[in-house]
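What TrEMBL says about this one:
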type	residues	note
COMPBIAS	233-249	compositional bias 'Basic and acidic residues'
COMPBIAS	266-277	compositional bias 'Polar residues'
REGION	220-284	region 'Disordered'
TRANSMEM	12-33	transmembrane segment
TRANSMEM	39-59	transmembrane segment
TRANSMEM	71-98	transmembrane segment
TRANSMEM	104-124	transmembrane segment
TRANSMEM	136-155	transmembrane segment
TRANSMEM	167-190	transmembrane segment
TRANSMEM	333-354	transmembrane segment
TRANSMEM	397-421	transmembrane segment
TRANSMEM	427-449	transmembrane segment
TRANSMEM	461-483	transmembrane segment
Amino acid sequence: MADGDFRTPVCFFLVSVAYTIGWTAISSMLAFYKQMYGPQILLQLNTVYFLPSIPVLLLQTQCDARINRSLGIATATAGRLFVGLGGSAIICALYPFYAESVPYLLWVTAFLGVFSGIAFGSSYQLVAYFEPVNTVALTTGYVGSGPIVLLLELFLQIGPQPSSGQIVVLFELVAAFTIAGLLAALGLLYSHWQALEGSDCASRQQLLPQKQPEVTVRPAAIVSSSPRRRHADRTSIEGKDTYGGERSRQATYTAAPSRLGLPVPFSQTDAGSTELSPQALGPSRPHLTIVTERAASVASLPAWPASPHGADLDKLLAEPPTEPSASRIMTGIWPAAFSLFLSVGTSILVFPFFTFVPTSGYLGSMLPQALFAARTVADIVGRLIPRTDCISTRWGMVGAGLVKTAITPLFFVYLAAGVAWRSDVLAIAYIFAFWLMSGYINTCAYLVAPEWASLGGSAKAGALMALTFQSACLIALFLAFALEDIAKSMVEDQQARNLLQQLAPMAPL
């Protein structure tokens with residue numbers, strides 16, 4: 001992606017909107033369904049949507065890398081996104097015609113969870129090959145579907161009791177947005193098809209320069225099997241930058257992915273210097289993070305004495321890179337996954353209780369809507385901050401998740417607080433700060449996870465992070481419904497105490 005090119009981030013944003021807008025539209029109808037089918041429908045809908053996506057994401061972590069090697073990254077990803085987003089569009093288009101009975105409603109929602117889960121996992125694997133700004137766009141699209149659904153409902157004038165015609169039009173428009181996301185995904189893949197499909201062979205051929213470039217290698221960077229050690233060791237490569245200027249680059253043997261999931265290709269200039277191939281997605285940087293798998297290590301060996309027992313170089317380069325296991329990848333990315341789990345879990349835990357927040361009278365019955373608006377704005381703003389200021393250390397990620405978890409009980413303390421402590425402004429400020437942290441932590445976690453994954457594991461790291469996200473949602477929802485009765489009793493007790501305080505001055509002396 002060239003500097004200033006906004007098309008790729010926009011495509012990722014639309015893809016994320018496409019696989020979330022269906023569930024967002026269903027969530028906007030939960031109050032309506034609660035009146036029709038009873039309060040148990042809330043737990044049932046959340047369960048059938050999130051639960052089927054867990055095995056789908058588990059399957060992707062195990063199979064997608066092998067499918068990518070067999071079919072090619074672009075071909076395999078296009079197939080998965082076509083199935084995921086295409087299936088989601090069909091479900092959204094049919095949804096209003098099968099939502100008139102509980103069994104059909106649950107089955108259709110479950111299928112939507114399956115198809116959206118396929119697209120969800122695939123998108124986070126794909127974005128690992130692109131510049132970080134695209135990860136920000138993808139995570140922003142996850143919450144961007146909320147304002148879109150809100151605008152659609154305002155346009156259609158949908159109230160607490162929508163008509164069947166309004167529901168049909170709403171979900172047909174939602175299906176149209178899903179198709180738009182599918183087209184954006186296919187256009188994105190088409191524009192980078194050659195780079196993605198040709199990376200497996202082309203980059204290895206270009207790792208065999210005609211002239212040995214000036215490369216200074218610390219042997220520990222090659223022989224170390226520890227991801228942390230590889231992250232610390234560096235290779236200094238002298239050469240020309242993409243724009244023709246002389247520049248000293250530091251290429252880090254790290255757990256980060258190349259933009260194609262392979263070593264960044266080298267090419268030779270007439271002067272014998274080494275240039276980075278323009279095949280790599282993304283513009284040149286003063287400090288580039290270059291992933292070197294086995295092929296890169298082998299390419300640097302001619303400067304050393306050859307071992308009589310060494311394998312033929314061409315045979316080594318012809319072998320596919322070893323794919324790290326999920327457990328090995330999780331060993332590297334666990335701080336990001338742990339922080340994401342805490343951040344998502346606490347957000348999902350708090351969100352269902354917006355209607356329980358007592359008002360001080362300033363906003364009255366409009367307080368839940370104000371809290372939802374504050375949540376949406378703060379989440380979007382928080383997801384934009386990591387573009388310039390991202391958490392970069394493992395313990396920093398863990399600490400951020402723990403801090404957000406530590407302030408979560410304050411919300412429930414406020415629910416049980418007396419009238420003297422009530423403040424609509426304070427409640428809105430808390431929700432804004434809480435979701436500002438949520439958007440920031442979630443996006444940082446998605447950004448650093450590929451950087452901390454084992455070599456060649458960036459795509460699988462994306463799938464594991466998606467699995468972590470869905471698991472946190474499901475567990476937090478069950479916990480939220482378990483706490484619902486407690487919250488109701490807290491609110492009822494507080495209302496009873498308030499009533500007694502109001503009646504006390506009227507009692508006879």
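Here the Cβ of each residue, glycine as well, is placed from N, Cα and C on the backbone.
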Original post:
Near the transmembrane segment (333-354), which same-chain residues lie under 8 Å Cβ to Cβ, leaving out any that are not at least 6 residues past its ends?
Top reply: 42, 368, 371-372, 375, 394-395, 397-398, 400-402, 404-405, 408, 411-412, 415, 431, 434-435, 437-438, 441-442, 444-446, 448-449, 452-453, 461, 464-465, 468-469, 471-473, 475-477, 479-481, 483-484, 487
Original post:
In terms of Cβ proximity under 8 Å, which residues at least six beyond the ends of the transmembrane segment (427-449) contact it?
Top reply: 124, 132, 135-136, 138-140, 143, 333, 336-337, 339-340, 343-344, 346-347, 350, 354, 357, 367, 370-371, 374-386, 390-392, 397, 400-401, 403-404, 407-408, 410-411, 414, 461-462, 464-465
**OP:** State the non-local partners of the transmembrane segment (12-33) in its own chain: residues 6+ outside its ends, Cβ under 8 Å from one of its Cβ atoms.
**Re:** 41-42, 45, 49, 81, 84-85, 88-89, 91-92, 95, 105, 109, 112-113, 115-116, 119-120, 123, 127, 130, 134-135, 137-142, 144-146, 148-150, 152-153, 160-162, 167, 170-171, 174, 177-182, 184-185, 188
**OP:** Using a Cβ distance cut-off of under 8 Å, indicate which of 39-59, 136-155, 167-190, 461-483 has the most pairs with the transmembrane segment (71-98).
**Re:** 167-190
**OP:** Using a Cβ cut-off of under 8 Å, list the residues of the same chain at least 6 residues beyond the transmembrane segment (39-59) that approach it.
**Re:** 23, 26, 30, 33, 102, 105-107, 109-110, 112-114, 116-118, 120-121, 352, 463, 466-467, 470-471, 473-474, 477, 481
Subject >> Contacting positions for the transmembrane segment (461-483) when only residues 6+ beyond its ends and CB under 8 Å are counted >> reply: 42-43, 46-47, 50-51, 53-54, 57-58, 60-61, 64, 117, 120-121, 124-128, 326, 329-330, 332-333, 336-337, 340-342, 344-349, 351-353, 412, 445-446, 449-450, 452-453
